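A.B. asks: I'd like to ask some things about the structure below.
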Amino acid sequence: MTDRYILAVESSCDETSVAILKNDNVLLTNIIASQVESHKRFGGVVPEVASRHHVEVITTCFDDALKEAQLEASDLTAVAVTYGPGLVGALLVGLAAAKAFAWANDLPLIPVNHMAGHLMAAREQGELEYPLMALLVSGGHTELVYVTEPGEYHIVGETRDDAVGEAYDKVGRVMGLPYPAGREIDQLAHQGTDTYHFPRAMMKEDHLEFSFSGLKSAFINLHHNAQQKGEELVLEDLCASFQAAVLDILLAKTKKALKQYPSKMLVVAGGVAANQGLRERLAEEITDIAVVIPPLRLCGDNAGMIALAAVVEYEKGHVAGLDLNAKPSLAFDSFHQQ
């Protein structure tokens with residue numbers, strides 16, 4: 001059998017990435033050019049800055065990926081690209097590069113949903129069993145997705161306001177922690193105790209919706225009031241208390257989803273899936289079903305996950321024309337509707 005090589009491009013936010021996947025799940029290379037240092041001084045991602053950085057490095061990422069994989073463009077089978085959701089300017093840079101490369105080398109173009117990429121990153125560890133439940137947690141999304149078969153995604157629950165990663169970054173900013181704050185809050189939480197009481201919105205309700213705005217506001221109010229009164233708060237305990245509330249909500253809703261939807265495994269993916277506290281709670285509390293979490297190198301935004309998702313789309317015959325456009329608000333239920 002002839003080997004299949006898919007080159008994938010990811011540029012939906014602040015990471016420029018090009019990867020090459022061999023056959024079903026062998027990542028030959030996963031080049032990532034991060035912009036985190038450029039955005040730190042702003043306390044978050046600045047869309048215009050992100051787009052400019054993508055333009056500066058994307059050609060080099062293509063060259064480095066082919067060189068590291070020891071392949072020529074003529075060896076490739078297809079090109080995959082994230083077309084949404086994400087920042088429109090950032091998406092357009094990756095799309096333009098992928099379409100130009102596909103056209104120049106007469107290769108089919110595979111459109112990939114960024115969140116499907118996060119979910120399908122779990123494929124690197126082996127074939128997934130369906131139906132499965134997925135908890136997707138990142139800076140822009142918090143979703144429970146029921147996957148009935150490869151490529152068939154159904155959102156069964158999502159946040160009504162802030163995404164969990166967004167909440168981490170906002171409370172981190174209040175505490176004066178550098179962006180992105182998730183990793184540092186996780187580390188500090190392991191050094192503290194759950195001392196301060198924070199609300200756990202809708203945790204006991206049967207539906208699968210999330211809400212983190214109340215928790216975020218309660219945290220900000222506690223911190224502000226303490227400053228006004230000259231009271232000293234213990235940073236480690238603040239982080240431990242905040243993270244305990246977040247994880248209580250995530251675990252409660254995930255358990256409800258598993259009861260409501262027959263599933264053979266649970267996939268937890270997205271940038272927040274790198275959180276050590278979340279991984280520990282999952283291992284402790286969900287023991288009657290296989291829990292699959294991508295390795296740390298595939299939790300953040302990267303083209304490797306886009307390539308892993310592209311295999312499913314390619315095998316279903318989902319290819320796009322060169323008129324494929326960015327869809328910054330793309331949802332799973334609008335997937336394939338180019």
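Count begins at 1; order follows the chain as displayed.
Glycine is treated like the rest: Cβ placed from N, Cα and C.
Straight from Swiss-Prot, here's the annotation block:
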- H114, H118, D301: Fe cation binding site (BINDING)
- L136, V137, S138, G139, G140, D169, G182, D186, N275: substrate binding site (BINDING)
A.B. asks: Once the DSSP letters are reduced so that anything not helix or strand counts as coil, what is H114 (Fe cation binding site)?
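C.D. replies: It is helical.
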A.B. asks: What is the one among the binding-site residues G140, G182 whose Cβ has the most other Cβ atoms less than or equal to 10 Å away?
C.D. replies: G182
A.B. asks: Compile a sequence-ordered list of residues in the same chain as L136 (substrate binding site), six or more apart from it, whose Cβ lies below 8 A from its Cβ; state 'none' when nothing qualifies.
C.D. replies: M115, H118, L119, T142, E143, L144, V145, A269, G270
A.B. asks: When DSSP states are folded down to helix, strand and coil, where does S138 (substrate binding site) land?
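C.D. replies: Where S138 (substrate binding site) sits, the three-state DSSP reduction gives coil.
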A.B. asks: Would you mind listing, in sequence order, the residues at least six apart from S138 (substrate binding site) in the same chain with a Cβ closer than 8 Å to its Cβ?
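C.D. replies: Counting only residues 6 or more apart in sequence, the Cβ neighbours of S138 (substrate binding site) under 8 Å are M115, H118, A163, V164, G165, G270, G271, V272.
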A.B. asks: Which residues of the same chain, at least 6 positions away in sequence, have a Cβ lying under 8 Å from the Cβ of N275 (substrate binding site)?
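C.D. replies: N275 (substrate binding site) has long-range Cβ partners G182, D186, Q243.
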A.B. asks: Sort G182 (substrate binding site) into helix, strand or coil using the DSSP assignment.
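C.D. replies: SS state of G182 (substrate binding site) = helix.
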A.B. asks: Let me make sure I understand the structure: which of the binding-site residues listed (H114, H118) has the fewest other Cβ atoms within 10 A of its Cβ?
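C.D. replies: Output over binding-site residues H114, H118: least Cβ neighbours within 10 Å is H114.
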A.B. asks: Specify the count of other C-beta atoms within 10 Å of the C-beta of D301 (Fe cation binding site).
C.D. replies: 26
A.B. asks: Looking only at L136, V137, S138, G139, G140, D169, G182, D186, N275, the residues listed as binding substrate, what is the longest Cα to Cα distance in Å?
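C.D. replies: Per the listed residues, the maximum Cα distance equals 18 Å.
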A.B. asks: Between D301 (Fe cation binding site) and G140 (substrate binding site), what is the CA-CA distance rounded to a whole number of Å?
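C.D. replies: Per the Cα atoms, D301 (Fe cation binding site) and G140 (substrate binding site) stand 12 Å apart.
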